[in-house]
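S.K.: Per Swiss-Prot, the feature ATP binding site maps to 10, 11, 12, 13, 14, 15, 125, 134, 135, 197; the stated evidence is sequence analysis. Annotated region 'NMP' per Swiss-Prot: 30-59, in sequence order, evidence recorded as sequence analysis. Positions annotated as AMP binding site by Swiss-Prot: 31, 36, 57, 58, 59, 83, 84, 85, 86, 90, 158, 169. Annotated region 'LID' per Swiss-Prot: 124-161, in sequence order, evidence recorded as sequence analysis. Look at Swiss-Prot and you will find 128, 131, 148, 151 tagged as Zn(2+) binding site.
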């Protein structure tokens with residue numbers, strides 16, 4: 001079972017991706033994790049990408065395509081791809097790779113939330129720069145405001161978590177995803193799930209769909 005999962009900033013797609021990995025034994029491939037890995041290593045590529053993100057801009061397609069395709073070469077089946085493709089050019093790169101290697105996609109799943117929900121979820125995040133602990137000023141606040149419970153370090157707000165940056169990222173997402181959604185809808189594999197509400201409630205909307213696809217693929221392989 002090969003899945004694409006996407007959604008606006010703060011939609012919970014990464015959280016649900018990890019749940020899908022646990023439930024169905026898929027390999028998780030995240031464009032965000034790959035990008036952050038480069039940034040944390042402070043490679044020349046990572047520094048270049050960090051500059052784009054700090055402005056709320058998308059990283060150029062050529063850079064993202066290289067990162068993702070390189071990772072897919074090590075995992076050709078049973079994967080969930082989080083946050084990619086995000087532009088028509090990335091769709092072309094992915095489709096060409098999948099076609100050349102005889103790989104089929106079973107589902108393009110969008111977890112959707114509105115702009116204000118996106119801003120509330122993202123702009124409220126606070127990160128500990130020392131130990132990496134993550135908090136939210138509303139949903140998961142530290143015991144002492146602004147201070148990490150784990151190590152006592154002053155919490156920070158990431159540059160790309162600021163409200164104005166989040167709104168820009170959201171609007172870029174909506175604009176760029178329109179043709180991508182149209183493409184995968186035409187292929188008959190696109191499904192939108194309402195991402196509003198608590199994580200367990202959203203998961204209840206996702207799981208029946210995945211169970212159906214999982215059983216369908218299981219039966220298909222039995223008859224091959």
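Each residue, glycine too, has its Cβ placed from N, Cα and C.
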S.K.: Tell me, if you would, which residue among 14, 31 (binding-site residues) has the fewest other CB atoms within 10 Å in the structure shown?
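M.R.: Output over binding-site residues 14, 31: least Cβ neighbours within 10 Å is 14.
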S.K.: Which residues, given as numbers and ranges, are at least 6 beyond the ends of the region 'LID' (124-161) yet have a Cβ under 8 Å from it?
M.R.: 53-54, 56, 169
S.K.: Work through the binding-site residues one by one (86, 128, 131, 148, 151) and name whichever has its CA nearest to the CA of residue 10 (ATP binding site).
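M.R.: Of all the candidates listed, 86 is nearest in space.
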S.K.: Please list, in sequence order, the residues in the chain of residue 131 (Zn(2+) binding site) that are at least six apart in sequence and whose C-beta is under 8 Å away from its C-beta.
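M.R.: Listed in sequence order, they are 148, 150, 151, 153.
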S.K.: As a test of reading the model: what is the averaged pLDDT for the region 'NMP' (30-59)?
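M.R.: Summing pLDDT over the region 'NMP' (30-59) and dividing by its length gives 87.
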S.K.: Reported in the order helix, strand, coil, what are the DSSP residue counts of the region 'NMP' (30-59)?
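M.R.: Taking the region 'NMP' (30-59) as a whole: 22 helix, 1 strand, 7 coil.
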S.K.: Given the binding-site residues 86, 125, 158, which one has the fewest other C-beta atoms within 10 angstroms of its C-beta?
M.R.: 158
S.K.: By a simple count, how many Cβ atoms lie within 10 Å of the Cβ of residue 135 (ATP binding site), its own Cβ left out?
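M.R.: There are 21 such Cβ atoms around residue 135 (ATP binding site).
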S.K.: List the helix, strand and coil residue totals of the region 'LID' (124-161) as derived from DSSP.
M.R.: 3 helix, 10 strand, 25 coil
S.K.: Using the centroid of the Cβ atoms of 128, 131, 148, 151 as reference, list every other same-chain residue with Cβ within 8 Å of it (recorded Zn(2+) site), in sequence order.
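M.R.: Result: 129, 130, 132, 133, 149, 150, 152, 153, 155.
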